[in-house]
């Protein structure tokens, strides 16, 4: 005999489970975020090497090994000369070597012993050209591997770069900004070292209305590196930077827009306190506008930031909805956008459907559910997963009428189809969604005491899939599958369906639409 809970018990259980699973659903999917953060994006590099195109006839080092050794020895001698003109000439030569776009000989330059000399040149306030060339060389060393960045830090370069932010020479200031960005982009520890060296406020001063476009671009990029990674920098820094970022997201320059949006994305990928500060800064309406930007490299960080904000509390999510984000997200799902954009749009919607019934209704009213179901059935697997999250979250937190609407949009078929995927977590997410649909069916049984949704799961070939999961190697999946089969009237002790059709039919009043189960 099947175990079947009473209606009152199930109503209480629905309310309890919604409160628990909504929080689970609202969590950022760390596996997903780590995956997209690891992907290389040219517009969001943590380090940048400054290169300069040389004339075709420029000859730096001979191809002959013996002559090459002599030339390198001459370069070292020139750098350590007391003649300022030779210092500048040969520091420039080393800088050019370090500016090679591919495989610069950074290790050999470090081993040559010239780094301490470059550090000395940073202090030559009376020779800004030499300061600039030395700063450029050190910036490119810091753009290498972590051990190269460590060499720069260990030689005391960071405090000197901070001092150079006050230089009257634009080129020197810009190069110091770039160097600090490379050091901060290496790791959380390096980022914190730069911040603890007093770089933050002087950097903000570079982002004034009189800055050159080149300085504005580099300072915005460095600022985005200051807020990259976890744990986040101290909250006091957030309060200082938001007014600046609010101005930058209205820039006409695409590169400034990109890095300002990444900075906001990094800021919002933290506590609800950070998210609230971003909202109070008044940037959300602009971020929603940028979701319609023609350039994907602007759209992506703006979308990431919106997704982070709606992963906050319900009030914060509501603020984004009120700014008109849902129709824009609908376009991102249906227009011919990049795969990553559709995936992150689904992720963003999944954070909204993890909220209140009112917010789920907003998603329904924006006609997003049909698009989500379509993606869950036909898109690439990484998009399917996020669409399933969105659908499952809606079923977990939705009212019986909302769940009925989800069923009418063929969500049962989508949730059942994903049960054969290799992703353990998404199998559990789908089972959780199906369980909540079955709970709603228990509350809304018809006069013949039949849970119509259980029959729909069988029609969608879900019963067989759930039965197969009883043999799954993952214990949590096994237990969930057994629980669903036993608790919601899908099996008897002999394994047969309790609510299978008899000669008089199943007693369910099916919707007028037709399911397409042949796909």
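Don't overthink the numbers, they just go from 1 along the chain as shown.
Positions of Cβ are set from backbone N, Cα and C atoms, glycine also.
Annotation source Swiss-Prot lists domain 'IBB' at 1-58, citing sequence analysis.
The repeat 'ARM 1' annotation in Swiss-Prot covers 103-143 and rests on sequence analysis. Residues 47-50, 72, 76, 79-80, 84, 87-88, 91-92, 94-95, 97, 149, 151-152, 155-157, 160-161, 164, 167-169, 171-172, 175-176, 178-179, 182-183, 186 of the same chain sit 6 or more residues outside the repeat 'ARM 1' (103-143) yet have a Cβ under 8 Å from a Cβ within it.
Annotation comment: Swiss-Prot describes 146-185 as repeat 'ARM 2', evidence class sequence analysis. Long-range contacts of the repeat 'ARM 2' (146-185) within the same chain, counting only residues at least 6 positions beyond its ends with a Cβ under 8 Å from a Cβ of the stretch, are 45-48, 50, 106-107, 110, 115-116, 119, 122-123, 125, 128, 131-132, 135-136, 138-139, 191, 193-195, 197-199, 202-203, 205-206, 212, 214-215, 218-219, 221-222, 225-226, 228.
Here Swiss-Prot flags 188-228 as repeat 'ARM 3', drawing on sequence analysis. DSSP labels the residues of the repeat 'ARM 3' (188-228) in these numbers: 30 helix, 0 strand, 11 coil.
Below 8 angstroms of C-beta separation, residues 28, 33, 43-44, 188, 191-192, 195, 200-201, 204, 207, 213, 216-217, 220-221, 223-224, 275, 277-278, 281-283, 286-287, 290, 293, 295, 297-298, 301-302, 304-305, 308-309 of the same chain, each at least six residues beyond the ends of the repeat 'ARM 4' (230-269), sit close to that stretch. Sequence annotations record features per position, and here Swiss-Prot assigns repeat 'ARM 4' to 230-269.
Below 8 angstroms of C-beta separation, residues 26-28, 41, 43-44, 232, 235, 238-239, 242-243, 245-246, 249-250, 254, 257-258, 261-262, 264-265, 317, 319-320, 323-325, 328-329, 331-332, 337-338, 340-341, 344-345, 347-348, 351-352, 355 of the same chain, each at least six residues beyond the ends of the repeat 'ARM 5' (272-311), sit close to that stretch. What Swiss-Prot lists as repeat 'ARM 5' is 272-311.
Per Swiss-Prot, the feature repeat 'ARM 6' maps to 314-354. Across the repeat 'ARM 6' (314-354), DSSP classifies residues as 33 helix, 0 strand, 8 coil.
According to Swiss-Prot, the feature repeat 'ARM 7' maps to 357-396. The predicted model assigns the repeat 'ARM 7' (357-396) a mean pLDDT of 97.
The repeat 'ARM 8' annotation in Swiss-Prot covers 400-439 and rests on sequence analysis. In terms of DSSP secondary structure, the repeat 'ARM 8' (400-439) contains 35 helix, 0 strand, 5 coil.
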With the cut-off at Cβ under 8 Å and a gap of six or more residues from its ends, the chain residues touching the repeat 'ARM 7' (357-396) are 17-18, 21-22, 25, 29, 32, 35, 314, 317-318, 321, 326-327, 329-330, 333-334, 339, 342-344, 346-347, 349-350, 402-403, 405-406, 409-411, 413-415, 417-418, 421, 423, 426, 429-430, 432-434, 436-437, 440, 519
DSSP residue counts for the repeat 'ARM 4' (230-269), split into helix, strand and coil: 29 helix, 0 strand, 11 coil
